[in-house]
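Pulled the feature table from TrEMBL, pasting it below:
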- N303, E332, D334, E381: Ca(2+) 3 binding site (BINDING)
- D642, N666: Ca(2+) 4 binding site (BINDING)
- D695, D697: Ca(2+) 5 binding site (BINDING)
- 446-468: compositional bias 'Acidic residues' (COMPBIAS)
- 15-122: domain 'PH' (DOMAIN)
- 132-167: domain 'EF-hand' (DOMAIN)
- 168-203: domain 'EF-hand' (DOMAIN)
- 482-598: domain 'PI-PLC Y-box' (DOMAIN)
- 601-726: domain 'C2' (DOMAIN)
Amino acid sequence: DEMNAGMEGDSDLQFLLQGGDLLKVLSPSWKKTRYFRLMEDCKTIWRESKRTFKDSQTFSLDDISSVRLGRQSEGLRKNTEDQVEGRCFSIMFKSRRKNLDLIASSEEEAKQWFNSLQKVLSNRNNLNIQQKTEHWISSCLRKADKNKDDKMTQSELKNFLRLINIKVDDDYAEMLFQKCDKSKSGHLSGEEIEHFYDLLTHREEIDVIYGAYAKTTGFMSSQNLVDFLKKEQREKATLADAHNIIQKHEPDENAKEKKLLSKDGFLIYMHYPETLVLKPDHREVYQDMSQPLNRYFISSSHNTYLMEDQLSGPSSTEAYVRALLKSCRCVELDVWDGSDNEPVIYHGYTLTSKILFRDAIKSIKEYAFKTSDYPVILSLENHCSVEQQEVMAHHLSSILGSALVTSPLGEGMPTDFPSPEELKGKFLIKGKRLNKLEASFAPEAAEADDADVTEEDESNNEDEDEQKEDEKRKKLKLAKELSGMVVYCKSVHFHSFEDARQNLSFYEMSSFKEQKALALAEESANSFIRHNVDKLSRIYPAGSRTDSSNYNPVPLWNAGCQLVALNFQTTCTDMDVNQGRFLVNGKSGYILKPAFLRDVDTEFDPITLTRGDWLKHKTLHVLVVSAQQLPKMNNKKFSFVDPLVKVQVYGVPADVAERQTVAVENNGFNPAWNESFQFDVYVPDLALVRFTIEDHDSTSGNEFIGQYTLPFNSLNMGYRQVPLLNKNGDVLSSAGLFVHIMVLDAE
């Protein structure tokens, strides 16, 4: 092994290669004989129990931080007597591994072990870097080589890759394995293994970037790394930052000691969360959460209980769990009279299955705050008799307890919403109320009796005109117990912005059908925006979307609508965009609206875009460089993925744009495009960017492979890895897209 060049025939090395028995000490009573020796590779220590032979373990010399002679370790001092002092020595490890406390049969032998180990260790530390680099791979390989035959089967190789944090798709592992297994023996050894690693990790584009900055004898010095971070990545970086990166990501101990970053270290670093396309500080809650609730966009779900379509599919408490775990903060409950005086949830007048109201509330309670601590709004669509409404009120208060808000937070009549911060861990009920909230503060406030209100029903037919609809609204008797639980979100019918301005209090809110809302957002956007400065608005999908399809939420966010409800169970672009909007701010489900959507006198209109402080014209430059390990679609053999990349901007109409690359034929493993696109973005505060990879197919239409959507203001600049999410919004673990992003002021 060239690793011990110059030590051939060395007596210390020979001693270690032969090995011997040592007493391993774990406690005063547990001292057992173990056989230790240095393996032929001259870098791994092997130890086995004489008795079982099964219990063999190895560790690398590189794992050792020091060897100490005598009873120097805590364990030896505690577990052995003074008289064995000279026969004792300990091996300390770099990782969290426990010290190895050992007793030799004589003082000479202890010294021999100590000196030999010291010598081999110091020899290893003097190796030149090149030898060492080959070697960190070999040392990992040994750990993965389960049966210690120096040959690696495909599954051993995959274990190896996991060890070094490199994920590989099964199909590609298979392909590369066949390529490297020149001898067709079903396993790789020696150089074939290094060849496999090189093929797997070789990235032309990373070589080029690394080469441009690695100015120190083929390595990146800390200063080179700082230059890269400042110039390319536009980060405020210091030498201390560079040292931290090298400390954390450099696999080669020798380079690490010299504060150098190898190409492998650079590659590993470029895959880390802090280097991704999403700004790291936007992953956490970074916005002011102490403003009134209606100043935020709030992640909202429609008919949350449905798992599939709106007509005959199953209802399930699981659907609530899934939506809440995706940080949805407003869920909907359609409640009807059930048997045995237990209200049920289902889509009325359809064949969707039923679940108990009680069970839904229990599931909601259990999962509401697992992803986000911020408040959850329960939007009740109540079709129940007074008796069963009383049961609803009972379940709400007994299951949710003190987490349910049943009266205003402060003293006296509130004049505005509390903030998400003040409402952490709380539930708000949105529903009908018998009277105004003010009434409960009037001195002569008589107990309101159960009374009639119009029933809220979102399943009406689409094309009926307003007047017929008003006549058709059924009267519903409302139980005062349930009515009293409605504090900040009282449902009322919308007549006009003028009417709302004059007659409605801040807590009185309306729900709008998608078409109605879109019409308002187009024809009277500024009035809608001002309405939403002090009221909440909820938007829901058209009744005609019986297949649970969705609509584009962006135009409604542009109009300041807070609760844009989507069918969370449906996988589609609209849902991707929704998850992209709420990806940031700690996935809290609340995003603070831009200042121009929170100002009573705002002149902002997303359609006409008159001048104002919302106009911050930026130019977005995107260079689509390459992708890695794209999953094959449709179980086609992977060699047939013909990937192309689409880059889309969502936002005000003037910012909406889409560009796409050419398709790369037959390469899902490492397709390269190097195509650049430029976009004008006028209102960055409302813009989102979506990257999509599709498998090109001219006959049957392209097939979706993966996507990632994020707010424009959360883009990290420079060379960035873009994670890819599948249709369900889960990360594709081994796949990725590599881009270069630059945002410049256009003015």
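Just so you know, glycine gets a Cβ as well, placed from its N, Cα and C.
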A 10 Å Cβ contact count, applied to the binding-site residues E332, D334, D642: which residue has the minimum?
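Minimum Cβ neighbour count within 10 Å, taken over the binding-site residues E332, D334, D642, occurs at D642.
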Determine, to the nearest whole angstrom, how far the Cα atom of N303 (Ca(2+) 3 binding site) is from the Cα atom of D695 (Ca(2+) 5 binding site).
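Distance (Cα to Cα, whole Å): 33 Å.
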Taking only the binding-site residues D642, N666, D695, D697, which one has a CA atom nearest to the CA atom of E332 (Ca(2+) 3 binding site)?
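The answer is D695.
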Can you grab the distance from D697 (Ca(2+) 5 binding site) over to E381 (Ca(2+) 3 binding site)? Cα atoms, rounded to a whole Å.
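For D697 (Ca(2+) 5 binding site) versus E381 (Ca(2+) 3 binding site), the Cα atoms are 44 Å apart.
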On a count of neighbouring CB atoms within 10 A, which of the binding-site residues N303, N666 is highest?
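Result of the Cβ crowding comparison: N303.
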Please name the residue among the binding-site residues E381, D695, D697 whose C-beta has the most neighbouring C-beta atoms within 10 angstroms.
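Output for this query is E381.
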Give me the DSSP three-state residue breakdown of the domain 'EF-hand' (168-203), ordered helix, strand, coil.
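Its residues fall into 22 helix, 2 strand, 12 coil.
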Taking Cα atoms as reference points, which of the binding-site residues D334, E381, D642, N666 is nearest to D695 (Ca(2+) 5 binding site)?
D642
Restricting attention to the domain 'C2' (601-726), give the mean pLDDT.
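On average, pLDDT over the domain 'C2' (601-726) sits at 91.
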